[in-house]
Protein chains: 2
Amino acid sequence: MEAGQSAPHINADRLLGHLEQLATFGRGPGGTNRVAYSEADRQARAQVIQWMQAAGLDVEIDAAANIVGRRPGREPDRPPLVIGSHIDTVPNGGNYDGTVGSLGAIEVAQTLHEQGIVLRHPLEVVIFQNEEGGLIGSRAWIGKLPPEELDHVSHSGKTIREGIRFLGGDPDRLDEVIRKPGDIAAYLELHIEQGPVLYEEQIDIGVVEGIVGIRWWRVTWEGTANHAGTTPMDRRRDALLAAARFIQAVNRIVTSEPGRQVGTVGQIEAYPGAPNVIPGRVVCSLELRDLDDAKIQRLYAAIEEEARAIAQESGVAVRFEPINVNKPAPTDPRVRDVIEAAAQDLGLSTKRMPSGAGHDAQDMAQLGPTGMIFIPSVDGISHSPKEYSRPEDIANGANVLLHALLRLDEAPWVR
Amino acid sequence: MEAGQSAPHINADRLLGHLEQLATFGRGPGGTNRVAYSEADRQARAQVIQWMQAAGLDVEIDAAANIVGRRPGREPDRPPLVIGSHIDTVPNGGNYDGTVGSLGAIEVAQTLHEQGIVLRHPLEVVIFQNEEGGLIGSRAWIGKLPPEELDHVSHSGKTIREGIRFLGGDPDRLDEVIRKPGDIAAYLELHIEQGPVLYEEQIDIGVVEGIVGIRWWRVTWEGTANHAGTTPMDRRRDALLAAARFIQAVNRIVTSEPGRQVGTVGQIEAYPGAPNVIPGRVVCSLELRDLDDAKIQRLYAAIEEEARAIAQESGVAVRFEPINVNKPAPTDPRVRDVIEAAAQDLGLSTKRMPSGAGHDAQDMAQLGPTGMIFIPSVDGISHSPKEYSRPEDIANGANVLLHALLRLDEAPWVR
């Protein structure tokens, strides 16, 4: 951008209109069901591709099934500046998580297109696939999607391998999407906070300091399924009773020391699952998060020890299987400064804060300087149909994304 | 039986041979599949009818498709003494539940036949159809099989109406099988315990005090689904954490007073059910059983009160919906005494106990004095291919059935 040129702004009405339209894909009585690899996901992606093309982007579905829209820069040898997010949802989710950043990035591209602004750097707008199922698309980019994980069954019922094919990728050619550190000039992601801090403190923009680490286990309890009428209380090996003690213990251990760590049991299945049969088998999830991986591992050790004690006392067996590990990922301090300056220039208040949620940005941080822009979530609600961000906050976020991008494009330290 | 006549005994080898033969109908790798109205069920019934005829019984398939074999008494105006059970199984079931009592009753009839013993009362041996699907045959006898239930699809894939036709009954003439209180002199049913008590305590014969009542509720916990990473521990309204406390409370309350009551949470679903989402909604079952309905209701009141306290402390809402009620069906105290005396005369140890499972006897208890005879189940296992009762226990049970029948036939209080 030339000095003295009036500051460009995104078209808020168009962005909000696109958000509304995207919300119709997977809409249901219990919330938005647009889990990765569902029919709703596929149809929503087709819509998003149209918007990207309308924004003048050259769109490709890469082998990992990420959608990548490219816009050339004035200096074609530079690595690209990358902006984007995801549009898949959790089961019964909302309409802002991922979509604000995805459609915000497309809106930024369209603004550049309409205003004839050509950056020094090539620009890439990326819609990562299956963020909610474990950052699958962005992990493919950094070469950390192991072949065995392709066989995991996702919420859609499809394996990840089947899902990649379903969305137009090619799971046999994942090698082609891998990028090395330095292959991008920088990465910026706009996202809703998904927590209550900005909303409650009435701050416009969160400047993210880093993304917490996440570890996730599958926990299996094996007791004995038996007739609920003929098996006396003291003769039972009730897997659900043991799992219930475990759920309590997770909460107690996680809250037993100060800090922002969280621990969650979000998934549970009891087998055979009839009111008149004592559950013989229970499978549940365990998820722990903190900015400090050592703390996560210390909490896990305490939880596992307690689980073994519960199992022994209950006459059941317990087994932990690690399913996923995301290490904590700090953002680049220089990118934080750029975001903060862009926001302040636009007259917006800012706060530096960690991200309790995982984001594709944590993978991108391995490829180049990365930053994240948060906007307030009303009442801190997310992963729920009640998830909501105000129109003015969405517009602010997209404008900060645009201005931070323009500043990064000119920053001398950016490759 | 004349005083001083030597005590008759059943032919154990023949009974065990019949049990082995019956086990071939529906035998499969995962257990015995002889669900009501299956081809295996129909063929097994044809075999059973042959054995009944060989025992000198006059056999009829009644309109409800129950098999009834009749033997005249010396005093034809008396109502019949009825003995029997069922031969249908659960899917992947065993070879003792129902069949021991059915073939035991036929063996008793054959023993009377061979030894030329003519009772004062007419005798009926009944093989009730579809016990496992909800006591269908015996409920037809007491007029509690509502027309709409005939449309229910059973495990066989057939509706009950179709199943009754398939087995040779006539669902349009169910009125004809209805009996009134007093229409039977007494009912006796031999059955495996399906629980561990007799086996572990090494007791020969259980004298059943009654069939427990069962009340079953759906319990719904409503919290707030929220992002597991961004929602601090102290801001959560975790429906699963509350339900876990509830599951513990059910166990604590049910075991807090002496007695043989049982309480089970066998079913649980957490929504949305993802590892990275705090469960906003949990639906679980609650089932309580006891011989005393007042005790069930007292336990329920305590559980509900505790659930409301848990809900309040957890910031969630809880709702109880009654789904099903089976009132307790006590056996006749005079019949219990008769069974006990018969067993003791045969040198067998006895224990008075409730039946935690439902049986056709609970319906028959509405028509006349009813009793049940239990024999041990090895390791308490039932509804499983591992279900097993020892040959000597089976023979003992059939002999107690025979002797209790002979005593009832002479008892002055029996009509």
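Using the three backbone atoms N, Cα and C, a Cβ is placed for every residue, glycine included.
Just so you know, TrEMBL annotations never went through curation; they're auto-generated.
Remember, it's a predicted structure, so these values are computed and weren't measured experimentally.
Binding site for Zn(2+) 1 per TrEMBL: A:HIS86, A:ASP97, plus A:HIS191 from the candidate set A:HIS9, A:HIS18, A:HIS191. Over all protein chains present, the Cβ of A:ASP97 (Zn(2+) 1 binding site) has 28 other Cβ atoms lying within 10 Å.
The C-beta environment of A:GLU132 (Zn(2+) 2 binding site), restricted to residues of the same chain at least 6 apart in sequence and closer than 8 Å, consists of A:VAL35, A:ALA36, A:HIS86, A:ASP88, A:THR89, A:VAL90, A:GLY93, A:GLY98, A:HIS155. Secondary structure of the domain 'Peptidase M20 dimerisation' (A:212-311) per DSSP, as helix, strand and coil residue counts: 38 helix, 31 strand, 31 coil. Around A:HIS191 (Zn(2+) 1 binding site), the C-beta neighbours below 8 angstroms that are at least 6 residues distant in the chain are A:SER85, A:ASP97, A:GLY98, A:VAL100, A:GLY101, A:SER355, A:ALA357, A:HIS359, A:ALA361, A:MET372, A:ILE373, A:PHE374, A:ILE375. For A:HIS383 (Zn(2+) 2 binding site), the same-chain residues 6+ apart in sequence whose C-beta sits under 8 angstroms from its C-beta are A:VAL90, A:GLY93, A:GLY94, A:ASP97, A:GLN194.
According to its DSSP assignment, A:GLU132 (Zn(2+) 2 binding site) is coil. Listed binding-site residues A:HIS86, A:HIS191, A:HIS383 compared with chain B at a CB cut-off under 8 A give A:HIS383 as the close ones.
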